[in-house]
Amino acid sequence: MIKKVTIEKIKSPERFLEVPLLTKEEVGQAIDKVIRQLELNLDYFKEDFPTPATFDNVYPIMDNTEWTNGFWTGELWLAYEYSQQDAFKNIAHKNVLSFLDRVNKRVELDHHDLGFLYTPSCMAEYKINGDGEAREATLKAADKLIERYQEKGGFIQAWGDLGKKEHYRLIIDCLLNIQLLFFAYQETGDQKYYDIAESHFYASANNVIRDDASSFHTFYFDPETGQPFKGVTRQGYSDDSCWARGQSWGVYGIPLTYRHLKDESCFDLFKGVTNYFLNRLPKDHVSYWDLIFNDGSDQSRDSSATAIAVCGIHEMLKHLPEVDADKDIYKHAMHAMLRSLIEHYANDQFTPGGTSLLHGVYSWHSGKGVDEGNIWGDYYYLEALIRFYKDWNLYW
(Lines of atoms letter the chains of each structure in order from A and count residues from 1; the text may use other names and numbers.)
(Lines give C-alpha, C1' and ligand atoms only; values in the text may rest on other atoms or scores of the structure.)
Protein backbone atom coordinates (compact mmCIF):
# COMPACT_ATOMS: atom_id res chain seq x y z
CA MET A 1 0.00 0.00 0.00
CA ILE A 2 1.04 3.58 -0.66
CA LYS A 3 0.50 6.14 2.06
CA LYS A 4 -1.80 9.10 1.52
CA VAL A 5 -0.03 12.34 0.62
CA THR A 6 -1.29 15.89 0.31
CA ILE A 7 -2.48 16.72 -3.19
CA GLU A 8 -2.16 20.47 -3.58
CA LYS A 9 -4.60 22.21 -5.88
CA ILE A 10 -2.74 23.44 -8.97
CA LYS A 11 -2.32 27.16 -8.46
CA SER A 12 -3.20 29.61 -11.24
CA PRO A 13 -3.78 26.93 -13.88
CA GLU A 14 -4.31 29.67 -16.46
CA ARG A 15 -0.52 30.21 -16.53
CA PHE A 16 -0.34 26.86 -18.33
CA LEU A 17 -3.68 26.93 -20.13
CA GLU A 18 -2.87 30.25 -21.84
CA VAL A 19 0.33 28.92 -23.46
CA PRO A 20 -0.26 27.65 -27.02
CA LEU A 21 0.18 23.91 -27.45
CA LEU A 22 3.25 22.92 -29.43
CA THR A 23 2.67 21.94 -33.05
CA LYS A 24 4.31 18.93 -34.66
CA GLU A 25 6.22 21.34 -36.90
CA GLU A 26 7.66 23.20 -33.90
CA VAL A 27 8.69 19.95 -32.24
CA GLY A 28 10.24 18.67 -35.46
CA GLN A 29 12.29 21.84 -35.84
CA ALA A 30 13.55 21.44 -32.27
CA ILE A 31 14.52 17.82 -32.92
CA ASP A 32 16.36 18.85 -36.09
CA LYS A 33 18.50 21.21 -34.00
CA VAL A 34 19.39 18.39 -31.61
CA ILE A 35 20.23 16.10 -34.54
CA ARG A 36 22.55 18.77 -35.95
CA GLN A 37 24.37 18.94 -32.61
CA LEU A 38 24.56 15.16 -32.32
CA GLU A 39 26.04 14.87 -35.80
CA LEU A 40 28.90 17.09 -34.65
CA ASN A 41 29.23 15.12 -31.43
CA LEU A 42 29.44 11.78 -33.24
CA ASP A 43 32.68 12.88 -34.85
CA TYR A 44 33.87 14.48 -31.60
CA PHE A 45 33.36 11.50 -29.27
CA LYS A 46 33.71 8.69 -31.83
CA GLU A 47 33.50 5.53 -29.64
CA ASP A 48 34.14 7.37 -26.37
CA PHE A 49 31.67 9.13 -24.09
CA PRO A 50 30.89 12.60 -22.72
CA THR A 51 31.49 13.50 -19.09
CA PRO A 52 28.36 13.94 -16.93
CA ALA A 53 28.35 17.73 -17.33
CA THR A 54 29.90 20.31 -19.61
CA PHE A 55 32.61 22.88 -19.00
CA ASP A 56 31.65 26.11 -20.76
CA ASN A 57 28.87 24.10 -22.42
CA VAL A 58 31.26 21.59 -24.05
CA TYR A 59 31.69 18.00 -22.83
CA PRO A 60 35.19 16.65 -22.25
CA ILE A 61 35.76 13.11 -23.56
CA MET A 62 35.95 10.11 -21.22
CA ASP A 63 35.94 6.30 -21.14
CA ASN A 64 32.90 4.19 -20.23
CA THR A 65 33.25 4.44 -16.45
CA GLU A 66 30.66 6.98 -15.23
CA TRP A 67 27.07 6.43 -14.07
CA THR A 68 25.83 8.71 -16.85
CA ASN A 69 27.25 7.11 -20.00
CA GLY A 70 24.00 5.35 -20.93
CA PHE A 71 22.30 8.67 -21.61
CA TRP A 72 24.70 9.43 -24.47
CA THR A 73 23.95 6.09 -26.10
CA GLY A 74 20.25 6.69 -25.50
CA GLU A 75 20.50 9.97 -27.39
CA LEU A 76 22.06 8.11 -30.30
CA TRP A 77 19.22 5.58 -30.38
CA LEU A 78 16.62 8.35 -30.29
CA ALA A 79 18.46 10.15 -33.08
CA TYR A 80 18.59 6.95 -35.12
CA GLU A 81 14.88 6.25 -34.65
CA TYR A 82 14.05 9.77 -35.83
CA SER A 83 16.57 10.18 -38.66
CA GLN A 84 17.27 6.57 -39.71
CA GLN A 85 20.92 7.57 -40.14
CA ASP A 86 23.12 4.48 -39.82
CA ALA A 87 25.93 6.59 -38.36
CA PHE A 88 23.94 6.93 -35.13
CA LYS A 89 23.05 3.23 -35.04
CA ASN A 90 26.61 2.07 -35.69
CA ILE A 91 28.19 4.06 -32.86
CA ALA A 92 25.30 3.24 -30.52
CA HIS A 93 25.84 -0.48 -31.12
CA LYS A 94 29.57 -0.12 -30.49
CA ASN A 95 28.62 1.59 -27.23
CA VAL A 96 26.40 -1.38 -26.37
CA LEU A 97 29.34 -3.74 -26.85
CA SER A 98 31.32 -1.50 -24.50
CA PHE A 99 28.52 -1.81 -21.92
CA LEU A 100 28.54 -5.59 -22.28
CA ASP A 101 32.28 -5.61 -21.68
CA ARG A 102 31.81 -3.28 -18.71
CA VAL A 103 29.28 -5.51 -16.96
CA ASN A 104 31.34 -8.61 -17.69
CA LYS A 105 34.36 -6.96 -16.08
CA ARG A 106 32.26 -5.17 -13.42
CA VAL A 107 33.87 -1.82 -14.10
CA GLU A 108 32.58 0.89 -11.72
CA LEU A 109 29.21 -0.78 -11.15
CA ASP A 110 29.01 -0.91 -7.35
CA HIS A 111 26.04 1.45 -7.16
CA HIS A 112 22.33 1.59 -7.96
CA ASP A 113 22.65 3.38 -11.32
CA LEU A 114 22.62 0.23 -13.44
CA GLY A 115 19.29 1.31 -14.89
CA PHE A 116 20.58 4.67 -16.04
CA LEU A 117 23.51 2.88 -17.64
CA TYR A 118 21.81 -0.08 -19.30
CA THR A 119 18.22 0.98 -20.03
CA PRO A 120 18.69 3.78 -22.61
CA SER A 121 21.65 1.96 -24.15
CA CYS A 122 21.27 -1.82 -24.15
CA MET A 123 17.59 -2.31 -23.35
CA ALA A 124 16.89 0.34 -25.98
CA GLU A 125 18.75 -1.55 -28.70
CA TYR A 126 17.02 -4.80 -27.79
CA LYS A 127 13.63 -3.10 -28.06
CA ILE A 128 14.58 -1.51 -31.38
CA ASN A 129 16.13 -4.46 -33.21
CA GLY A 130 16.17 -7.50 -30.91
CA ASP A 131 19.96 -7.59 -30.61
CA GLY A 132 21.08 -10.56 -28.52
CA GLU A 133 24.19 -8.94 -27.05
CA ALA A 134 22.11 -5.96 -25.94
CA ARG A 135 19.70 -8.32 -24.17
CA GLU A 136 22.58 -10.20 -22.54
CA ALA A 137 24.10 -6.97 -21.22
CA THR A 138 20.74 -5.78 -19.89
CA LEU A 139 20.02 -9.00 -17.99
CA LYS A 140 23.53 -9.10 -16.54
CA ALA A 141 23.06 -5.51 -15.36
CA ALA A 142 19.80 -6.51 -13.67
CA ASP A 143 21.62 -9.31 -11.86
CA LYS A 144 24.25 -6.83 -10.72
CA LEU A 145 21.59 -4.42 -9.48
CA ILE A 146 19.77 -6.95 -7.29
CA GLU A 147 23.02 -7.64 -5.43
CA ARG A 148 22.34 -4.31 -3.69
CA TYR A 149 18.92 -5.34 -2.38
CA GLN A 150 18.57 -5.15 1.40
CA GLU A 151 15.99 -7.49 2.93
CA LYS A 152 15.84 -5.37 6.09
CA GLY A 153 13.93 -2.37 4.80
CA GLY A 154 13.16 -3.94 1.43
CA PHE A 155 15.15 -1.54 -0.75
CA ILE A 156 18.10 -1.28 -3.12
CA GLN A 157 21.01 0.41 -1.36
CA ALA A 158 22.22 3.37 -3.40
CA TRP A 159 25.94 3.60 -2.75
CA GLY A 160 28.75 2.42 -0.52
CA ASP A 161 29.64 -0.79 1.27
CA LEU A 162 26.61 -3.03 1.51
CA GLY A 163 24.97 -3.16 4.93
CA LYS A 164 27.08 -0.43 6.52
CA LYS A 165 25.05 1.93 8.69
CA GLU A 166 26.45 5.08 7.08
CA HIS A 167 25.39 3.84 3.62
CA TYR A 168 22.12 2.07 4.47
CA ARG A 169 19.82 4.22 2.35
CA LEU A 170 17.86 4.48 -0.86
CA ILE A 171 17.54 7.50 -3.13
CA ILE A 172 14.62 8.74 -5.18
CA ASP A 173 16.59 8.47 -8.45
CA CYS A 174 16.35 4.68 -8.22
CA LEU A 175 12.68 4.76 -9.24
CA LEU A 176 14.07 4.92 -12.77
CA ASN A 177 16.66 2.20 -12.19
CA ILE A 178 14.17 -0.45 -11.05
CA GLN A 179 12.63 -0.44 -14.53
CA LEU A 180 15.59 -2.64 -15.45
CA LEU A 181 14.25 -5.28 -13.06
CA PHE A 182 10.74 -5.24 -14.50
CA PHE A 183 12.31 -5.86 -17.91
CA ALA A 184 14.33 -8.79 -16.53
CA TYR A 185 11.14 -10.28 -15.06
CA GLN A 186 9.33 -9.95 -18.39
CA GLU A 187 12.21 -11.57 -20.28
CA THR A 188 12.98 -14.43 -17.88
CA GLY A 189 9.80 -14.99 -15.88
CA ASP A 190 11.93 -15.03 -12.71
CA GLN A 191 9.73 -13.58 -9.96
CA LYS A 192 12.65 -12.29 -7.89
CA TYR A 193 13.19 -9.34 -10.23
CA TYR A 194 9.58 -8.22 -9.96
CA ASP A 195 9.47 -8.71 -6.20
CA ILE A 196 12.61 -6.64 -5.58
CA ALA A 197 11.43 -3.83 -7.87
CA GLU A 198 8.00 -3.81 -6.21
CA SER A 199 9.48 -3.82 -2.71
CA HIS A 200 11.85 -0.98 -3.53
CA PHE A 201 9.06 1.09 -5.05
CA TYR A 202 6.86 0.84 -1.96
CA ALA A 203 9.80 1.51 0.37
CA SER A 204 10.49 4.64 -1.65
CA ALA A 205 6.88 5.78 -1.99
CA ASN A 206 6.25 5.49 1.74
CA ASN A 207 9.48 7.07 2.96
CA VAL A 208 11.41 9.23 0.51
CA ILE A 209 8.15 11.02 -0.43
CA ARG A 210 7.10 13.28 2.44
CA ASP A 211 3.50 13.59 3.62
CA ASP A 212 3.19 16.94 1.80
CA ALA A 213 4.25 15.16 -1.45
CA SER A 214 7.65 16.84 -1.59
CA SER A 215 10.64 14.52 -1.50
CA PHE A 216 13.84 13.84 0.32
CA HIS A 217 16.76 13.02 -1.94
CA THR A 218 17.84 10.06 0.19
CA PHE A 219 16.31 8.06 3.04
CA TYR A 220 18.13 5.99 5.67
CA PHE A 221 16.92 2.77 7.30
CA ASP A 222 18.16 1.04 10.44
CA PRO A 223 20.38 -1.84 9.26
CA GLU A 224 19.56 -3.89 12.38
CA THR A 225 15.77 -3.67 12.22
CA GLY A 226 15.02 -2.37 8.73
CA GLN A 227 12.87 0.38 10.24
CA PRO A 228 12.72 3.78 8.52
CA PHE A 229 15.20 6.18 10.11
CA LYS A 230 15.51 9.61 8.49
CA GLY A 231 15.57 11.52 5.23
CA VAL A 232 18.56 13.63 4.27
CA THR A 233 19.80 15.34 1.14
CA ARG A 234 22.91 14.89 -0.91
CA GLN A 235 22.13 17.06 -3.91
CA GLY A 236 19.36 19.30 -2.60
CA TYR A 237 19.84 22.61 -0.80
CA SER A 238 19.06 21.19 2.65
CA ASP A 239 17.60 18.13 4.34
CA ASP A 240 14.16 19.74 4.51
CA SER A 241 14.14 21.38 1.07
CA CYS A 242 13.02 19.68 -2.15
CA TRP A 243 15.69 19.01 -4.77
CA ALA A 244 14.06 19.69 -8.13
CA ARG A 245 15.60 16.79 -10.02
CA GLY A 246 14.71 14.41 -7.22
CA GLN A 247 11.09 15.53 -7.40
CA SER A 248 11.11 15.03 -11.15
CA TRP A 249 12.51 11.50 -10.73
CA GLY A 250 9.32 10.92 -8.75
CA VAL A 251 7.14 12.50 -11.44
CA TYR A 252 8.60 10.07 -14.00
CA GLY A 253 9.33 7.02 -11.86
CA ILE A 254 5.78 6.67 -10.56
CA PRO A 255 4.05 6.26 -13.96
CA LEU A 256 6.82 3.98 -15.22
CA THR A 257 6.28 1.70 -12.24
CA TYR A 258 2.48 1.92 -12.44
CA ARG A 259 2.66 0.18 -15.84
CA HIS A 260 3.81 -2.97 -14.05
CA LEU A 261 2.11 -2.82 -10.64
CA LYS A 262 -1.27 -1.49 -11.83
CA ASP A 263 -1.74 -0.10 -8.31
CA GLU A 264 -4.18 2.77 -8.71
CA SER A 265 -2.94 4.40 -5.51
CA CYS A 266 -0.05 5.48 -7.76
CA PHE A 267 -2.43 8.06 -9.25
CA ASP A 268 -2.78 10.09 -6.05
CA LEU A 269 0.94 9.77 -5.35
CA PHE A 270 1.71 11.05 -8.85
CA LYS A 271 -0.76 13.91 -8.50
CA GLY A 272 0.71 14.94 -5.16
CA VAL A 273 4.30 14.88 -6.39
CA THR A 274 3.50 16.52 -9.73
CA ASN A 275 1.26 19.26 -8.36
CA TYR A 276 3.95 20.11 -5.81
CA PHE A 277 6.45 20.46 -8.67
CA LEU A 278 4.14 22.53 -10.89
CA ASN A 279 3.19 24.89 -8.05
CA ARG A 280 6.85 25.82 -7.55
CA LEU A 281 7.77 26.58 -11.13
CA PRO A 282 8.85 30.15 -11.91
CA LYS A 283 7.17 32.30 -14.53
CA ASP A 284 9.00 30.70 -17.45
CA HIS A 285 7.98 27.16 -16.35
CA VAL A 286 11.56 25.86 -15.93
CA SER A 287 12.49 24.85 -12.40
CA TYR A 288 15.31 26.16 -10.27
CA TRP A 289 17.70 23.48 -9.05
CA ASP A 290 15.87 23.26 -5.72
CA LEU A 291 12.16 23.96 -5.42
CA ILE A 292 12.64 26.30 -2.47
CA PHE A 293 13.96 28.83 -5.00
CA ASN A 294 11.86 30.87 -7.38
CA ASP A 295 11.94 34.08 -9.41
CA GLY A 296 14.32 36.63 -7.90
CA SER A 297 16.36 34.08 -5.94
CA ASP A 298 19.55 34.55 -8.02
CA GLN A 299 20.00 30.78 -8.16
CA SER A 300 20.60 28.47 -11.13
CA ARG A 301 17.86 26.65 -12.99
CA ASP A 302 18.01 22.93 -13.58
CA SER A 303 16.60 22.49 -17.05
CA SER A 304 17.17 18.73 -16.79
CA ALA A 305 14.64 18.45 -13.96
CA THR A 306 12.00 20.07 -16.14
CA ALA A 307 12.78 17.79 -19.10
CA ILE A 308 12.41 14.73 -16.87
CA ALA A 309 9.10 16.03 -15.50
CA VAL A 310 7.75 16.56 -19.02
CA CYS A 311 8.47 12.90 -19.82
CA GLY A 312 6.79 11.79 -16.61
CA ILE A 313 3.62 13.78 -17.15
CA HIS A 314 3.44 12.60 -20.75
CA GLU A 315 3.70 8.99 -19.58
CA MET A 316 1.07 9.27 -16.83
CA LEU A 317 -1.43 10.92 -19.16
CA LYS A 318 -1.68 7.50 -20.85
CA HIS A 319 -2.97 6.00 -17.59
CA LEU A 320 -4.86 8.64 -15.58
CA PRO A 321 -8.64 8.21 -15.68
CA GLU A 322 -10.36 10.39 -18.27
CA VAL A 323 -12.46 11.93 -15.50
CA ASP A 324 -9.39 13.24 -13.65
CA ALA A 325 -10.02 16.95 -13.09
CA ASP A 326 -6.38 17.92 -13.65
CA LYS A 327 -5.76 15.96 -16.83
CA ASP A 328 -6.15 18.91 -19.20
CA ILE A 329 -3.98 21.10 -16.97
CA TYR A 330 -1.25 18.45 -17.00
CA LYS A 331 -1.37 18.37 -20.79
CA HIS A 332 -1.00 22.13 -21.05
CA ALA A 333 1.65 22.22 -18.32
CA MET A 334 3.93 19.75 -20.10
CA HIS A 335 3.51 21.70 -23.35
CA ALA A 336 4.33 24.97 -21.56
CA MET A 337 7.44 23.48 -19.95
CA LEU A 338 8.71 21.93 -23.17
CA ARG A 339 7.96 25.11 -25.13
CA SER A 340 10.07 27.10 -22.68
CA LEU A 341 12.93 24.61 -22.99
CA ILE A 342 12.75 24.84 -26.80
CA GLU A 343 12.54 28.62 -26.93
CA HIS A 344 14.87 29.65 -24.10
CA TYR A 345 17.12 26.74 -23.05
CA ALA A 346 18.03 24.91 -26.27
CA ASN A 347 21.61 25.48 -27.40
CA ASP A 348 21.95 26.86 -30.93
CA GLN A 349 25.72 27.35 -31.02
CA PHE A 350 26.46 23.93 -32.59
CA THR A 351 29.96 23.44 -31.23
CA PRO A 352 31.66 20.00 -31.45
CA GLY A 353 31.09 18.35 -28.08
CA GLY A 354 28.38 20.84 -27.21
CA THR A 355 25.28 20.32 -25.11
CA SER A 356 21.76 20.39 -26.52
CA LEU A 357 20.16 21.84 -23.38
CA LEU A 358 21.63 24.78 -21.47
CA HIS A 359 21.30 25.84 -17.83
CA GLY A 360 21.36 22.57 -15.92
CA VAL A 361 22.88 21.74 -12.54
CA TYR A 362 24.79 18.54 -11.79
CA SER A 363 25.85 19.01 -8.17
CA TRP A 364 25.48 22.41 -6.52
CA HIS A 365 27.19 21.39 -3.27
CA SER A 366 30.21 20.05 -5.16
CA GLY A 367 30.31 22.98 -7.56
CA LYS A 368 30.07 20.57 -10.49
CA GLY A 369 28.12 21.42 -13.61
CA VAL A 370 26.36 24.49 -12.19
CA ASP A 371 24.64 26.42 -15.00
CA GLU A 372 26.03 23.93 -17.52
CA GLY A 373 24.70 21.26 -19.81
CA ASN A 374 24.42 17.71 -18.52
CA ILE A 375 24.04 14.51 -20.48
CA TRP A 376 20.81 13.32 -18.82
CA GLY A 377 19.28 16.73 -19.52
CA ASP A 378 20.20 16.35 -23.19
CA TYR A 379 18.76 12.82 -23.22
CA TYR A 380 15.44 13.61 -21.53
CA TYR A 381 15.01 16.76 -23.61
CA LEU A 382 15.29 14.68 -26.78
CA GLU A 383 13.09 11.94 -25.32
CA ALA A 384 10.43 14.54 -24.51
CA LEU A 385 10.60 15.91 -28.05
CA ILE A 386 10.33 12.43 -29.57
CA ARG A 387 7.37 11.65 -27.29
CA PHE A 388 5.58 14.74 -28.60
CA TYR A 389 6.51 14.04 -32.22
CA LYS A 390 5.54 10.39 -32.70
CA ASP A 391 4.03 7.31 -31.10
CA TRP A 392 7.24 6.16 -29.47
CA ASN A 393 8.02 2.75 -27.95
CA LEU A 394 9.77 3.92 -24.82
CA TYR A 395 13.06 2.40 -23.70
CA TRP A 396 12.25 2.37 -19.97
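Each Cβ is built from the backbone N, Cα and C atoms, and glycine gets one as well.
Of the residues D32, D43, D48, D173, Swiss-Prot places D173 in the same substrate site as D113, G231, T233, R245, W249, S363, S366. A sphere of 10 angstroms centred on the C-beta of S366 (substrate binding site) encloses 10 other C-beta atoms. Neighbour count (other Cβ atoms within 10 Å of the Cβ, all protein chains): 15 for S363 (substrate binding site).
Within the set D113, D173, G231, T233, R245, W249, S363, S366 that the record links to substrate, no two Cα atoms are more than 20 Å apart, and one pair reaches that distance.
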